[in-house]
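Here is the structure we will look at, set down as C-alpha cells.
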Amino acid sequence: MELPHRQCLGRVLIVTAALLSPAFTVLGNDILGLKVAGEPVLTPNAVCLRLAGLTKKQMRLCVRSPDVTASALQGIQVAIHECQHQLRDQRWNCSSLENHGKLPHQSAILNRGFRESAFSLSLLAAGVVHSVASACSLGKLRGCGCEAKRRLDDDKIRLKLTQLQLQTFQRSGVSLAGAGENTPELSSLHGSLPANLHSSHPMSLLKPLPDEVTMLQDTWEWGGCSHDIRFGVRFSRDWLDSRGSPRDIHARTRIHNNRVGRQVVTDNMRRKCKCHGTSGSCQFKTCWYVSPEFRLVGSLLREKFLTAIFINSQNKNNGVFNSRTGGSTGSDPLRGQRRRSISRELVYFEKSPDFCDREPAVDSLGTQGRICNKSSPGMDGCGSLCCGRGHNILKQARSERCHCRFHWCCYVLCEECKVTEWVNVCK
C-alpha cells in the first residue's frame, strides 16, 4: 500500500470571514467582493449591504460597527472549521454549514432542535466572542481596544523598574547618588526616566516592597492589554440572540446554547505574563488575560455535545426547561450520577435523524463518498459511517489546504498540498 505523500504546490489565499469567495487570486484582501490592497476599510456599504438575511437588529449593529461585524464573521468561519474538525468522525460533520455563505444561521439544521444543532450554535457563539475579543486587544476595532492603556502601562513599567533598581542599590549599600550614572540600562533599555526621578529626593518615590516578598522575581502586576471578553460577549449576544421570539422553544434553546458557548470561552481565559528587567532579567512581570486556544474551546464543547441534555418545554409558555428522562442513548443521561446544572449544559429537544442519506430539510449531505476507517469500531468506522451499505477501496489523489494561518482582516493564508493514498469510501 502506498503511503500518503504530500507535496506543497504553493501558497494560496483562502478567504474567510467577511469574504464572499473561497478563492483568492490577487494580492490584497478581497473583502466582500471588493478588491482592495493592504488593510481594508470596512464601511457599512462594504459589509452590511452584502449580507443577505440580516434581521433589523443585526443590520443596525452592522451599520454602527461594520468592523466588529467583519470580525464576528471571521469568528463564525473559524467556528465552522473547528466544527468540521470536532465532528469529523460523525455522520453529520458540519460540512453543510459552508454551503450557506457568511451566515450559516440560515442553515436548516440550526433551526432545528437536534443535538448537532446545539453544538453548532454554541460553537458559533464562542467563535464570535473569541474573534471580537482578540481583535479588540490588537487595536483593530474602533469601538474597543487599549492602545492608550498600553502607553500608560509603558510609563508605569519604566517607573516600576526604576523603583526596583533603586531598592536593589539601597539593599546592597550602593550610593543612590551614583546609581543613575552607573546604570545605563535604566535609560537605554526602558526609555527615558521620568523627570521627577532626577530630583534631589529620589527616596520619596520609593515604595517599600511587602515583607513577604523576598525576591524581585516574585513581583508582578496587571498590565498589557487583556482580551476584551466583555465586549466580545456583549456583541455576540446582541448579534446572535436577536433571532426569533424569546418564547419560541427554538429561540429559547438557541439562546441557551449560545450562552453555554460564550461561557466556555470566559471560563477558560488564562493569564499571560511578560518579564521586565535589565539585561534580560525578570525583575517583575506584567500580566494580562488572553482568550483560550479555540481548539480547546471546541474540545470542551464537544464533551458537552456528547453529554447534552434532552429537554421538553412546559406548556406554560414561560421559558422554563425540564430535562426529560431518557436521552438519545436510550437511558437516563443523569442516572447513577449527580444531577447536573442545566445552565452550563447543551440542551436539545428533537431526536436526531440518522444523517445516512441526503436530506436537504435537515441539512444532511448523506455519507455516500465519505472516507471511513474499516478497523475502527467507533462512529468513524465503515460499519457505522456507511450505514450498512458497505465500502470500496480506492486510490485517491487529492489536493487539500494545509498549514493554514488566520490573518486580520479577513483571510487565511494556506498552503495547498497534494495527497495520494489508499482510502475506504462509503458506497
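Here the Cβ of each residue, glycine as well, is placed from N, Cα and C on the backbone.
A simple way to gauge crowding: the CB of CYS83 (disulfide bond) has 26 other CB atoms within 10 angstroms, across all the protein chains here. What Swiss-Prot lists as disulfide bond is CYS83-CYS94 (among others), and the listing cites similarity to another entry.
Mapped onto three states, the DSSP output places CYS144 (disulfide bond) in coil. Marked as disulfide bond by Swiss-Prot: CYS136-CYS144 (among others).
What Swiss-Prot records for CYS146-CYS225 (among others) is disulfide bond.
CYS287 (disulfide bond) falls within a strand segment according to DSSP. The feature disulfide bond is assigned by Swiss-Prot to CYS273-CYS287 (among others), with similarity to another entry given as support.
For CYS282 (disulfide bond), the Cβ neighbour count at a 10 Å cut-off comes to 14, with all displayed protein chains included. Residues or ranges marked as disulfide bond in Swiss-Prot: CYS275-CYS282 (among others).
According to its DSSP assignment, CYS356 (disulfide bond) is coil. Annotation source Swiss-Prot lists disulfide bond at CYS356-CYS387 (among others).
Annotation source Swiss-Prot lists disulfide bond at CYS372-CYS382 (among others), citing similarity to another entry. Sequence-distant contacts (6 or more apart, same chain, Cβ under 8 Å) of CYS382 (disulfide bond) comprise CYS372, ASN373, LYS374, SER376, GLY390, HIS391, ASN424, CYS426.
Under the heading disulfide bond, Swiss-Prot lists CYS386-CYS426 (among others), citing similarity to another entry as support. Neighbour list (CYS386 (disulfide bond), Cβ cut-off 8 Å, at least 6 residues apart, same chain): THR367, ARG370, CYS372, CYS426, LYS427. CYS386 (disulfide bond) falls outside any helix or strand according to DSSP and counts as coil.
Taking all protein chains in view, 14 other C-beta atoms sit within 10 angstroms of the C-beta of CYS402 (disulfide bond). The disulfide bond annotation in Swiss-Prot covers CYS402-CYS417 (among others), and the record cites similarity to another entry as its basis.
According to Swiss-Prot, the feature disulfide bond maps to CYS404-CYS414 (among others), an assignment based on similarity to another entry. Cβ neighbour count for CYS414 (disulfide bond): 18 (other Cβ atoms within 10 Å of its Cβ, all protein chains included).
Residues or ranges marked as disulfide bond in Swiss-Prot (evidence: similarity to another entry): CYS409-CYS410 (among others).
Look at Swiss-Prot and you will find ASN93 (among others) tagged as N-linked glycosylation site. Using a 10 Å radius centred on the Cβ of ASN93 (N-linked glycosylation site) and all shown protein chains, the other Cβ atoms total 21.
Positions annotated as N-linked glycosylation site by Swiss-Prot: ASN373 (among others). In the three-state DSSP assignment, the secondary structure recorded for ASN373 (N-linked glycosylation site) is strand. Neighbour density for ASN373 (N-linked glycosylation site): within 10 A of its CB lie 17 other CB atoms from the protein chains shown.
Feature annotation from Swiss-Prot assigns O-palmitoleoyl serine to SER279; the stated evidence is similarity to another entry.
As annotated by Swiss-Prot, signal peptide applies to 1-28, with the evidence given as sequence analysis.
Remark: of the disulfide-bonded residues CYS136, CYS273, the most isolated position is CYS273 (fewest other Cβ atoms within 10 Å of its Cβ).
Within the set of disulfide-bonded residues (CYS287, CYS387, CYS404), the lowest number of other Cβ atoms found within 10 Å of a Cβ is recorded at CYS404. In this structure, CYS275 (disulfide bond) is part of a beta strand by DSSP. Among the disulfide-bonded residues CYS94, CYS144, CYS273, the residue whose Cα lies closest in space to that of CYS356 (disulfide bond) is CYS94.
The Cα atom of CYS414 (disulfide bond) lies nearest to that of ASN93, taking the recorded positions ASN93, CYS136, CYS275, CYS282, CYS387 as the candidates.
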